[in-house]
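Below: the structure, in structure tokens.
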Amino acid sequence: MASREDVALAIRDRNGNNRASDTPSLTEEEVSTIVRRLSFSGAAMDEQDEHPQQDEQHEPEPEQDDGQDDGQDDGQDEEQDVNQDPNKVQIVIRLRPLERAPEEKDPESFRVLSDVSLLAQPPKTSQSYRSTGTATNFHFSRIFSQETQQTELFEATTQPVLDAAFGGKSGLVFAYGVTNSGKTYTISGTTDAPGVLPQALQYVMDELPRRKEHDAQPVTRVTATYLEIYNENVYDLLSPALRKRRALRVQDCDGKIQVRGAVEKPIKTLGDGLELLEQGRRHKQMAETNCNSDSSRSHCVFTLHFYQHVFAVFVRLVHGATGLRMQEASKINGSLMNLMRCLETLRWNQQHPPSLQKMVPFRESKLARLFQENLVGSDHGPLVMIVAVNPSSHEFDETLRTLKYSAVARELESCPDGYILRPRWPIKEEEAAVNGCTGISCKPKNTDVGTSPMESQREVAERNLHWAKLELENEELREQLAQTEAEKMQMEVRIRAEIGNEMREQLQQIRTQYQSMQRLQREDLPSARKKRERQHAEESEKLRVHVQELREKVRECEDEIQRIHKRHQAEIDKLQPQLVPVSVVDNM
């Protein structure tokens with residue numbers, strides 16, 4: 001049996017030959033099963049939150065901008081079209097109006113300097129102000145102010161993606177941002193102001209008749225799938241409602257990412273598309289009751305399939321959602337961080353030689369795998385990332401982190417040279433070759449992998465089958481690793497929850513003891529005061545008695561002195577006649 005090094009070398013040589021060869025054309029049935037992957041937790045697009053009306057802005061005092069671009073290139077500040085370079089990932093910013101009372105003062109933390117430049121000035125209440133206190137200047141593909149209308153946003157971001165889909169290129173539009181930043185309003189909108197998804201359905205239905213008349217290879221039909229990713233499980237929102245939902249399997253079939261068992265329904269009119277959205281919303285509402293999940297705890301992916309072409313994908317991601325249970329929040333944050341790692345790794349591969357390139361961690365989350373073909377697929381098209389920004393100072397730190405994460409993908413190309421999807425070898429063909437079936441060429445395209453020109457076709461097929469089995473084993477091991485990582489994360493979440501509960505119990509005990517001590521002190525205070533007063537009264541009484549005794553003794557002494565004085569005076573008076581004058585005695 002060949003060593004690991006020989007197998008790895010053979011696989012690399014084989015893949016190199018496959019990339020050099022022409023890719024076989026897909027049939028209509030093969031094209032229809034293509035699905036995008038990417039693993040991240042998020043909120044559903046059918047959540048109906050209301051976009052607030054714009055309030056008057058408070059102009060803050062200008063501060064010096066001494067911040068750096070934090071990963072953004074110091075590129076041109078001039079205006080540029082969102083889809084100027086179709087190979088680049090387009091990062092657009094949309095600011096939502098401030099939601100505040102008229103008497104409240106909320107300084108403007110994010111200031112639009114131009115159509116491509118945004119200044120982030122940390123407020124004094126933020127952690128960024130306490131750590132650095134400097135402003136940060138970001139550059140993106142396009143920045144939409146708070147006055148931007150839904151139609152303007154759709155025409156600038158989503159309509160070019162649909163045009164590319166009519167031309168045979170896949171596309172991706174997704175929203176990203178912190179809680180209460182306007183993601184739902186951007187994707188779904190309201191009845192009076194529909195978001196980019198309802199407008200996309202309207203645009204596709206309006207364009208289909210015209211395209212059929214003018215295009216050489218027109219789109220014959222359009223279908224849709226509607227998926228939900230909750231706690232790293234994929235569910236179908238268009239399948240019949242069941243008491244317990246069945247998780248779908250995401251798999252790689254000949255280099256194409258597919259969700260096995262997903263229901264694909266045709267769309268012939270705008271009403272059909274809106275009905276699918278409503279059906280998904282109803283099933284999502286049922287999931288909220290049965291699974292204890294809500295729109296802030298899952299991602300929803302609405303996919304349009306264009307025959308004979310590929311399709312565009314609409315998905316809304318959630319970052320920094322509040323009010324979640326610990327496990328769900330961990331899934332969301334883990335998925336978002338994995339998405340950022342994928343983008344960072346792709347950017348690294350673009351900027352470094354092949355010898356230093358890294359493997360992109362698409363398999364670590366479901367949502368990342370769904371978006372994999374949009375980033376590295378052969379039929380890639382426009383990829384638009386709409387970053388929703390809440391300009392409120394209360395959400396500044398979270399929003400700043402979102403902008404920094406988004407800036408990583410600004411110069412990313414949707415089909416980088418550093419990472420190309422490796423075509424998989426069909427195992428059934430290899431097994432058929434081993435059994436001696438004809439019609440399948442098993443001759444290797446490169447004989448440098450250790451195969452001599454005289455080696456038989458059967459030995460080559462056996463080696464190729466062994467390689468394919470090794471690949472299957474590797475994929476199973478990767479899935480087991482991902483499952484182990486998920487179990488480890490769940491265990492960590494459970495341990496953290498237990499530790500948190502213990503800490504809360506200890507804090508509650510300390511609080512109870514402290515309150516008991518305060519209560520006892522309050523109860524003992526009157527008795528202590530009375531005791532001190534009683535002791536003071538007793539001591540005062542003792543002192544009064546002692547003083548009285550001293551006074552009695554003083555009076556007795558004074559009386560005794562008076563009696564002695566009187567007695568002495570009487571004796572003096574008695575002896576007075578007996579005294580002889582001194583002068584008479586001297587004369588004698």
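A Cβ is built for glycine as well, from the same backbone N, Cα and C atoms used for every other residue.
Copied over from TrEMBL:
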REGION    1-110  region 'Disordered'
COMPBIAS  1-16  compositional bias 'Basic and acidic residues'
COMPBIAS  50-61  compositional bias 'Basic and acidic residues'
COMPBIAS  62-82  compositional bias 'Acidic residues'
DOMAIN    88-412  domain 'Kinesin motor'
COMPBIAS  96-109  compositional bias 'Basic and acidic residues'
BINDING   GLY177, VAL178, THR179, ASN180, SER181, GLY182, LYS183, THR184  ATP binding site
REGION    517-542  region 'Disordered'
* **Candidate with the highest Cβ count within 10 Å, taken from the binding-site residues GLY177, GLY182** => GLY177
* Asked: Can you tell which of THR179, THR184 has the most other C-beta atoms within 10 Å, given these are the binding-site residues?
  -> THR184
* Around the Cβ of LYS183 (ATP binding site), how many other Cβ atoms lie within 10 Å? Please give the count over every shown protein chain. => 29
* **Other C-beta atoms that fall within 10 angstroms of the C-beta of VAL178 (ATP binding site)** => 22
* To do: For ASN180 (ATP binding site), just give me the three-state DSSP call.
  => coil
* **DSSP residue counts for the region 'Disordered' (517-542), split into helix, strand and coil** => 26 helix, 0 strand, 0 coil
